[in-house]
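Taken straight from Swiss-Prot:
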TRANSMEM  7-27  transmembrane segment
TRANSMEM  81-101  transmembrane segment
TRANSMEM  111-133  transmembrane segment
TRANSMEM  137-154  transmembrane segment
TRANSMEM  165-185  transmembrane segment
TRANSMEM  204-224  transmembrane segment
TRANSMEM  263-283  transmembrane segment
TRANSMEM  288-308  transmembrane segment
TRANSMEM  315-335  transmembrane segment
TRANSMEM  346-366  transmembrane segment
TRANSMEM  382-402  transmembrane segment
TRANSMEM  406-426  transmembrane segment
Amino acid sequence: MKSVRYLIGLFAFIACYYLLPISTRLLWQPDETRYAEISREMLASGDWIVPHLLGLRYFEKPIAGYWINSIGQWLFGANNFGVRAGVIFATLLTAALVTWFTLRLWRNKRLALLATVIYLSLFIVYAIGTYAVLDPFIAFWLVAGMCSFWLAMQAQTWKGKSAGFLLLGITCGMGVMTKGFLALAVPVLSVLPWVATQKRWKDLFIYGWLAVISCVLTVLPWGLAIAQREPDFWHYFFWVEHIQRFALDDAQHRAPFWYYLPVIIAGSLPWLGLLPGALYAGWKNRKHSATVYLLSWTIMPLLFFSVAKGKLPTYILSCFAPLAMLMAHYALLAAKNNPLALRINGWINIAFGVTGIIATFVVSPWGPMNTPVWQTFESYKVFCAWSIFSLWAFFGWYTLTNVEKTWPFAALCPLGLALLVGFSIPDRVMEGKHPQFFVEMTQESLQPSRYILTDSVGVAAGLAWSLQRDDIIMYRQTGELKYGLNYPDAKGRFVSGDEFANWLNQHRQEGIITLVLSVDRDEDINSLAIPPADVIDRQERLVLIQYRPK
């Protein structure tokens with residue numbers, strides 16, 4: 001009976017966090033709008049080999065993540081939930097692997113359930129796991145690969161070992177097809193310390209080639225298909241998207257070595273109080289084979305991405321699966337022996353909630369700021385934000401009432417965030433980062449437009465997805481579409497600022513021409529170097545400028 005209650009509680013938890021509130025949040029540009037539009041175009045065109053964005057070749061990532069996203073929109077429709085369905089599914093599958101692996105290591109159902117709940121409620125996991133990017137997919141394949149390797153190395157028969165390594169190769173191959181060759185480097189780096197300390201080199205060298213073969217066979221069909229269709233894909237993807245992005249001095253998203261320290265601290269909420277103890281307990285217990293495996297799995301990718309020139313918080317998502325297992329194991333021991341860390345965790349959550357309440361007041365219309373984040377007419381959004389932090393502090397306090405038994409309720413600290421964050425986003429943020437909001441405000445003007453031009457790829461993708469059209473033209477800036485725009489068949493998909501007046505004269509009689517521009521809040525629209533317009537509709541950071549036939 002208790003097991004049934006736990007399962008009902010887990011399903012209710014998943015529904016409240018990962019299902020019910022998802023449709024209430026508009027898509028963010030540039031990431032969510034980009035991936036939403038790529039998958040929409042894949043469904044519309046039926047081309048499941050070559051990824052396109054705005055009808056242009058888009059070679060920044062391989063294909064597998066777009067497949068999953070496309071299936072999500074096919075099943076649930078072109079809506080906010082449909083766009084995010086793929087990443088939610090991947091996150092829940094990763095949580096299922098956390099459950100299975102914890103059971104495999106400790107044979108403790110309660111520990112497995114706690115590890116799963118901790119993983120799903122970690123701030124970084126929830127933030128990325130409900131956000132339509134490719135990182136939850138690669139995190140799933142990496143976690144699946146690490147589980148497969150452990151399964152292979154623990155098998156007692158050659159059939160079991162062979163099956164484990166074949167499965168490892170498949171997961172690595174799918175990882176390559178999701179985000180590239182990092183799916184090969186990360187698992188290798190993660191297992192090497194464990195293999196060295198356990199002296200398991202023999203099994204690795206005897207059976208490792210099976211993983212190589214299955215990985216190659218997994219990638220080969222699509223790899224050959226896209227090489228035939230687009231011969232320069234692999235050259236661009238390898239040199240630009242891997243070498244330049246991560247290793248060279250001009251790498252994207254450059255950040256210092258210590259960049260991931262605050263990411264881990266913030267990402268570990270609402271379980272931050274368990275982080276030091278979990279790592280220290282794991283180190284103390286390093287003679288235990290499974291603990292070494294989890295530690296290596298956590299630390300090695302973190303070091304690898306810290307050394308790399310380019311960094312983003314999403315890169316280390318897979319590190320939090322083993323960390324959740326270590327936290328759950330440590331928390332159960334602490335509850336029995338010394339609950340100090342659990343009390344500290346409760347106080348951290350109280351402090352975080354109270355700080356958020358104060359910060360919300362400071363940036364509210366009633367606070368001391370001359371330019372508040374929310375305007376007076378957005379009072380309900382301020383109260384939503386207060387509710388988010390109040391619930392966080394409340395559940396932090398509740399865990400202290402009988403800490404040995406109530407500490408798992410820290411998983412409910414982000415409940416307000418999950419349910420209310422979509423209702424608390426300030427209009428000034430929505431107007432710049434949520435193209436859906438802009439489209440809703442300007443739908444009647446946008447719909448009949450013969451041509452739509454914009455100076456932002458993220459906004460262009462949002463317009464294309466909302467209006468169900470892929471012919472948006474880039475104006476003045478090419479951004480990440482620069483490579484695709486270099487192809488001869490992309491001629492006419494970019495108009496520079498100097499060419500716009502002549503282009504307008506040539507195309508004006510064909511129908512309504514609409515410019516959607518990103519502007520600064522204090523920027524004077526009249527100072528823009530464009531011909532006089534028939535209609536100007538400013539929505540804070542985005543402005544619609546329209547030219548009608550004459």
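Cβ coordinates are placed from backbone N, Cα and C, and glycine is handled just like the others.
The listed stretches are 111-133, 137-154, 382-402, 406-426; of these, 111-133 has the most Cβ pairs under 8 Å to the transmembrane segment (263-283). Counted over residue pairs separated by six or more positions, the transmembrane segment (315-335) shares at least 3 Cβ pairs under 8 angstroms with the transmembrane segment (111-133), which defines the two as touching. Scored on C-beta pairs under 8 angstroms, the neighbour of the transmembrane segment (288-308) with the top count among 111-133, 137-154, 346-366 is 137-154.
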